[in-house]
């Protein structure tokens, strides 16, 4: 239905400010007052004044007064004539007033009726609001309003005619503005009454016109509002019906979902994909629900509220949609959790690696930890790994750290079954898992995937039964201990590949070639930064066993410089040059070569008898003395330092890890014969060393050497405390057994071992501190550095106290021979031999004290230098600490580095038992310098005064 457009009243009701007969009623009253009725004189006849157009007589007061004054009183006839004329005019005026009253009364009644009718219709129109939020009710309201508008439209012509009549009346009878003085007067003249009537008509006409315009405008607005509301309600109703149908279909699909526990593990990815497709398919429902809610909100703003039925339907749609969303999200999460926990890439299968009362749990970053429900404790290490570490303690009686480390790694290798894995198999697994990029950071799940594939491939290739969950879990545990002791859950791909390559069952040369290829560029060349990264990753293996001190410590810069001496001044090194350097078995990598020899020697039997324990045949390593004929020692006796009387192990010894040949026997015979004619002093001046020494000077790690894995700054707090405690206990045990073992025949082994194990700075024996590069140190908190500084200062105080104690003992030992010689002259001859023997013992004791004092003094200097370095790091801002530290360390290390650590030639393939003839000239110079220093120390301690001065000088330095 087209909206009814009603025309408003176009009439204006003007108000006239000029009244044409303004003084007519005034003249009449004046005339009435001027002509008294009791006395009438008709002496003179006065003609009737003419009428103007308004009907008032035109009587001039001047005329009347002049006439009366001139002639005296009027004649009765004249008075009668005047009176009659007045009566006639009064009658006419009365008739005219009655006619005006009748006309105004005819207008006032219709206007009053129109005003009342319009007010009633306005109330009826207001009663139609507010509209109900239901389609049927709004349609009914629309029909009612259409009838209402027809009624109003039909009344329009009558209202227009009445308003036109009022307009015509007001145009004929204008009125003036009502003055305040006139409005307050009680006596109103006829003229005023006429104006009041005109004014009243004008007011009624104005009110009626305004009400008519207002009603017609409201009718049009109401019609539009009803049309708009009906349109929105129809849209809401259709959308809700469509949404209800769609939600019913979705709920039907949801009802067909099987419980998670009834699904097959292999089908979990398919169900996850189906849930994702289901979620995408019903995503338009979200837009539909939003549209319905927006329409309902717009209706509420326009004061149209949905009916109870529609409100309930909309609420149910919202509830069902939210429930469907929650169900889909929970279902997807359950499927993903099940796939993560039980799928092929999950760690669920690893839960069988532990037995009751242990339970394998997973931290938020996917790192496993283990719960002992019986002891109510948790730990990072697998129970089997803890047992393995406890068995490694049995190997601590091995005197030589390279062999001790190799023996420990061999046990770890066999426990992890990595000795059965070839490097070729490992490379295939690495390629399958896209581990070509060494800088890629792996998480725990990726490591588990690689290890699982590795051990499954091992089962296929070897045809042996492997406990895959146990091997994977223990290998993961070992890799985390080595490269991620902070348990951050992240590990570089280079770290992972280095760990697997070092322990796999492959030749050393192949391992080293592969490791070099991982840091080399496309031209098979490597710069110092990448080589430092490789050596840094490799040194973490002995560091985890607490053996890093004997291999130059965690600082790999001296090893990098030693290797680049083979590059002939180029900034890069080639694979052949790297292998040439490694074949010399440098101090930082000697443990890898020894591990290979230990592996080969395990199955070897030598058909000879041990000269100490009488074991025959000798299994494993065989050590032949190159000083005495027919003296062979088994690996147990040699490595633990056992020796029989007359068999000093500091003489040249040849190691064999394969059965000897006749040519080797003849060569050893000739060497032994030659050594027979050499004095003991010769062997002391030409000490044998089984590795290429690398001068370990105190310097910070190179800024280009990255940390092996992301580590938390507080992650190794307990390990550092444990390390300090073990080092202190070891030092105390050595101090206590130092004098008790001084008379043992194998004291030279202890001394060599002590020198071997303590030849590197104290900082190198700290795995947590030495492992971090300056770039990571700059980001550490100041509090962590202060803690490390406090630890180092404590150890410095311990070393200084021990240094003072040893100096005092040295003074006592120096004074004892003088007292013995002076008393020997007065004693009987039968005591001379006893005193001489005691003097020899004291001299030996003095020599050992001097050696140990020298070591402690070196440690003290290095520790003080490191403390100074740490103080500088604490005082410097982080942006400047790296560059300044690197420059300072380079300047500090250059003088000492230039003095030694040049590669030596190798005469034998057994580095721990080289012949003294093959020692280079550089090592002889170093030995002579060392001997000169010892002589100076001997002369520096003959008296208490000189020793105090020397001690003060050393401490001050």
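Glycine too: its Cβ is placed from the backbone N, Cα and C atoms.
Swiss-Prot has this to say about the protein:
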- 610, 613, 634, 637: Zn(2+) binding site (BINDING)
- 358-383: domain 'WW' (DOMAIN)
- 102-179: repeat 'Spectrin 1' (REPEAT)
- 231-337: repeat 'Spectrin 2' (REPEAT)
- 605-661: zinc finger (ZN_FING)
Once the chains shown are all counted, how many other Cβ atoms turn up within 10 Å of the Cβ of residue 634 (Zn(2+) binding site)?
25
Secondary structure content, the zinc finger (605-661) (per DSSP, counts of residues):
6 helix, 15 strand, 36 coil
In the structure shown, which of the binding-site residues 610, 613, 637 has the fewest other Cβ atoms within 10 Å?
613
Cβ within 8 Å of the Zn(2+) site centroid (610, 613, 634, 637 excluded): which residues?
611, 612, 614, 615, 618, 633, 635, 636, 638, 642
For the domain 'WW' (358-383), what's the mean pLDDT in this predicted model?
90
